[in-house]
Amino acid sequence: MSDSKCDSQFYSVQVADSTFTVLKRYQQLKPIGSGAQGIVCAAFDTVLGINVAVKKLSRPFQNQTHAKRAYRELVLLKCVNHKNIISLLNVFTPQKSLEEFQDVYLVMELMDANLCQVIHMELDHERMSYLLYQMLCGIKHLHSAGIIHRDLKPSNIVVKSDCTLKILDFGLARTACTNFMMTPYVVTRYYRAPEVILGMGYKENVDIWSVGCIMGELVKGCVIFQGTDHIDQWNKVIEQLGTPSAEFMKKLQPTVRNYVENRPKYPGIKFEELFPDWIFPSESDRDKLKTSQARDLLSKMLVVDPDKRISVDEALRHPYITVWYDPAEAEAPPPQIYDAQLEEREHAIEEWKELIYKEVMDWEERSKNGVVKDQPSAQMQQ
């Protein structure tokens with residue numbers, strides 16, 4: 001590590017119950033959110049002259065799950081370069097050696113709001129279809145690199161007032177498993193696909209279910225499947241969409257199948273009743289056409305059996321969405337993930353700590369005078 005990193009580059013400020021020790025270029029820190037992974041502040045970058053988001057990863061080495069997630073997020077943010085995925089602008093640590101290393105700060109673009117705040121606004125079809133199009137483009141880009149999200153929700157999708165949208169994180173690592181019978185834990189399960197809830201195998205269109213739930217919420221202004229735990233989540237889905245076929249039941253593990261088959265049978269509610277005309281914008285004949293297209297898209301995304309659910313590509317070509325189709329956005333070249341073992345890696349905490357430290361040092365090496373190169377996704381040799 002070069003001697004250029006000295007205390008004079010940093011200052012400390014108290015944010016809620018956490019101390020942020022950040023580079024002096026980042027001023028006017030204001031807390032804007034917190035999650036399982038850490039606290040996020042808005043700040044002004046005096047070098048670039050722009051507002052940014054500074055995220056402090058909370059105790060990234062407290063256990064292997066946190067450490068793996070921190071490493072994965074850092075690697076993916078460095079590799080992914082797409083207009084519908086949040087951009088990483090800087091990475092730093094105030095500590096001067098691996099032995100002292102404790103904190104990781106990620107600096108990203110600052111957006112105006114997350115989708116939770118948009119849900120209570122009345123959106124016209126144009127804005128709604130454009131938001132969904134951008135979501136699908138971002139998801140497709142992640143899929144092209146072998147990243148299946150599995151945990152899309154309004155709180156990790158951010159927007160600007162000009163209706164541009166970006167996905168904030170990379171979801172569950174491939175090795176993260178969800179067991180249907182496990183005790184309830186603190187996680188937003190309302191948007192998770194049946195195959196994730198039921199501990200089945202999954203493929204790319206697992207993320208389409210989440211988009212369907214988010215779209216349904218944008219239309220209705222409230223969560224559409226609001227379960228109190230995993231089991232109740234399943235109940236809420238089948239009460240509205242109906243009990244799935246025997247063919248679907250065969251794909252379940254015996255213990256899960258036994259539970260699912262013993263639930264009361266539900267015929268399901270028609271989509272015209274779940275999403276009636278009056279909850280959509282309807283000022284013109286064109287709106288009426290768009291309403292019927294929007295409902296059709298919902299009916300193809302909110303399908304319990306993933307083998308019968310629409311794919312990301314099919315959703316991008318759906319009449320409700322395809323008006324926005326631009327190959328440069330929908331067919332962008334896949335990101336090159338330089339760590340081929342990213343999803344499968346398992347390490348002791350000290351090894352994770354060293355891997356993350358190397359990533360932070362690599363970023364600092366590639367940054368000149370605190371300003372990152374135009375392409376943070378430039379390839380590294382490992």
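Numbers here mean position along the shown chain, with the first residue as 1.
Any Cβ shown, glycine's included, is placed from N, Cα and C.
On a predicted model such as this, the values are computed, not experimentally measured, just so you know.
So that you can see what the record holds, here are the features copied from Swiss-Prot:
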- 26-321: domain 'Protein kinase' (DOMAIN)
- Gly33, Ser34, Gly35, Ala36, Gln37, Gly38, Lys55: ATP binding site (BINDING)
- Asp151: active site, proton acceptor (ACT_SITE)
- Thr183: phosphothreonine (MOD_RES)
- Tyr185: phosphotyrosine (MOD_RES)
Determine, to the nearest whole angstrom, how far the Cα atom of Gly38 (ATP binding site) is from the Cα atom of the residue listed as 'active site, proton acceptor'.
17
Measuring Cα to Cα, how many Å separate Gly33 (ATP binding site) from the residue listed as 'active site, proton acceptor'?
18
Can you tell me the mean pLDDT for the domain 'Protein kinase' (26-321)?
90
Taking the Cβ of Ser34 (ATP binding site) as the reference point, list residues of the same chain whose Cβ is under 8 angstroms away and which are at least six residues distant in sequence.
Ala16, Val40
Can you grab the distance from the residue listed as 'active site, proton acceptor' over to Lys55 (ATP binding site)? Cα atoms, rounded to a whole Å.
19
Local Cβ density at the residue listed as 'active site, proton acceptor' - other Cβ atoms counted within 10 Å:
21
Helix, strand or coil: which one is the residue listed as 'active site, proton acceptor' in, per DSSP?
coil
Would you please pick out, from the binding-site residues Gly33, Gly38, the one with the fewest other Cβ atoms within 10 Å of its Cβ?
Gly33
